[in-house]
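Engineer: So TrEMBL lists the following for this protein:
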TRANSMEM  46-67  transmembrane segment
DOMAIN    48-504  domain 'Major facilitator superfamily (MFS) profile'
TRANSMEM  87-108  transmembrane segment
TRANSMEM  115-135  transmembrane segment
TRANSMEM  141-163  transmembrane segment
TRANSMEM  175-196  transmembrane segment
TRANSMEM  228-248  transmembrane segment
TRANSMEM  356-376  transmembrane segment
TRANSMEM  382-403  transmembrane segment
TRANSMEM  415-435  transmembrane segment
TRANSMEM  447-468  transmembrane segment
TRANSMEM  480-501  transmembrane segment
REGION    535-563  region 'Disordered'
COMPBIAS  546-563  compositional bias 'Low complexity'
Amino acid sequence: MVRSIPRRREVTAEIDFTYSALADVDEPLSPAGVGRKLDAMGFGSFQIAVLILCGGVLFSEGNQLMVMGPVAMLLGDHWSLPPLTRVLLASTIHLGYVCGCLLSGLIGDRLGRRPCVLMSYLLTGAFGFACSTASTEVVMLAYRFGAGVGCGLGIPAVFALLAEVSPSKHRAEGLIIMASLVVLGELYATAGILFVDPHLTRSGDHCDIYLLSVMQEAGHQVCSWRTLLEIAAAPSLFMVMFALTMLWESPQFVTVRHRDYQEVNRILKTVRKSNGAYNVPVRFTPDSSVVQEQPYTLRPTAAPRDVSAFATITGRHYSGTVWTLILVTACKDSSLYGLAYILPQYFRGVKGLSPGLQLVISSSLAIPGAFLALLLGSYRGVGHVTVTQALGFLCTVCGLGMLQLSYMPDWMGPVSAYALRGLVLGYYAVVSTYTAEVFPTNCRTTAIGVISAIGRLGAVAAPLIFELSKQDSRQTLDAFITLLIVLMAAAMAASGINLIWETKGLPLVSVSPEESSAELDYTSQQRVAEAQALLGGSGRSDKRTTSSYSSAATSSCSIIQGA
């Protein structure tokens, strides 16, 4: 059986093949068939459009989270808020994000990825703009929670959607680029801060009365925090118009959940036209043994041995991967979004530059981290798990540099903080890419949502830990940075033990092993063979990857050997 795997790969797994006239025949609808069509059509205009339309959700999240740190500082001075209330203003959006991620799993794996993206834009834009009208801290907290729900609804769906419409060869690059759009959202927010209130001091009298503050703005007396919140809400309201008319549903989702071959044909023909791949035929037909011909509706069709998404991610095949990714996600979120709250206050002690300019510089220095993640993501000689561990180690080193130890020079802290911003973004992009690729299509949004929701609790705790550490550690960051270092070390160790399935450049799994058919079994064998080729015979992953898939691939021996 093992010797026959490479021969099967040569016949079926080649993704750069050219269709001939003899290939223009009807083909039964299947997830593997849809994947082969997408691989043949390549990464083109359709995928770029999806990347932009979905990346707007991450762009909006980045600017919403970045703007709240300075706004919390302004409101703390304007409303005389205690430290705990300032922490709640920064953390409430994360609590809403947790609820939104859980809802995204329920909606995205039943109704589709597209509805989640549209609702995300609407909620984030509407509640984000409403925040600028708040007159009390209680109203502000309610609106921030709603904006967080909007962000949480969209994040799992956009990663699942882009992963499912991208060809295997370039899927990682697309996901990393989309994840890195968070930093563009941060730059957008920091540019607004630099333009509106670079020193975070422009908040005139009576800004707590919305209509009066509008009159003051007309008289050039700026209530800067309201203006900043309005600027942050604008991209979501702008992007929803384009997403409503230009964003398509995932063909893999339609195949797995609804089994509507006509809708799949329409989507794939749009991909073919957008990418100019007219030599790729799209003629899927229903197969009575796999697919039932039914119209495309919002009510999914039950599959034989249909296993719930929650049962899949908590089963023996994925439970270790899930809890490890929860730990890794908590680490990356507490680092990425915790720094968004901490850096404005950290840079208050750095002389010579305004806080707004410091934030622009720190966000700009995160861009090299995105390029580093893209470079490592496109290099097939190194898997996502190895890249995750390497970036985690570098983040730990930078965290050590931020500790205010007596023997460290004064310049070490700011330089380490800048470097940490870039490395954390790369870490975030690679971890998000791996999370989007490793789970089956029928539970992908649920898995991403659960992992993101529980992991985001680290971002909720980060401002609280920071405020407590300031009180107990004489205004230093040592307690928070020490906790970050411990989390990074634990995440690196857990990744090396439990993340045994490599996904870079490999076909997506369509359904869970509990629902596996012969086609899924072949896909599992194919992933084993390609993972072995990718890792160059490394003993660490080959043996464990093979054993992980062996239970799902046992029934396909006769199929592979007879190829």
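The backbone N, Cα and C atoms fix where each Cβ goes, and this holds for glycine too.
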Engineer: Any contact between the transmembrane segment (175-196) and the transmembrane segment (415-435)? By contact I mean 3+ C-beta pairs closer than 8 Å, pairs at least 6 apart along the chain.
Structural biologist: yes
Engineer: With pairs closer than 6 in sequence left out, are the transmembrane segment (46-67) and the transmembrane segment (228-248) joined by 3 or more CB pairs under 8 Å?
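Structural biologist: Per Cβ check, the transmembrane segment (228-248) touches the transmembrane segment (46-67).
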Engineer: Thinking of Cβ pairs under 8 Å, which stretch from 141-163, 356-376, 415-435 has the most of them with the transmembrane segment (87-108)?
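Structural biologist: When the Cβ pairs under 8 Å are tallied, 141-163 comes out ahead.
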Engineer: So which residues does the transmembrane segment (115-135) touch in its own chain, when a touch means Cβ under 8 Å and the partner is 6 or more beyond its ends?
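Structural biologist: Contacts with the transmembrane segment (115-135): 53-54, 56-57, 60-61, 64, 100, 104, 107-108, 143-147, 149-158, 161, 208-210, 226-227, 229-230, 232-237, 239-240, 243-244, 247, 445.
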Engineer: Can you see whether the transmembrane segment (356-376) and the transmembrane segment (382-403) are touching - at least 3 CB pairs under 8 angstroms, only pairs 6 or more apart in sequence?
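Structural biologist: Yes, these stretches are in contact.
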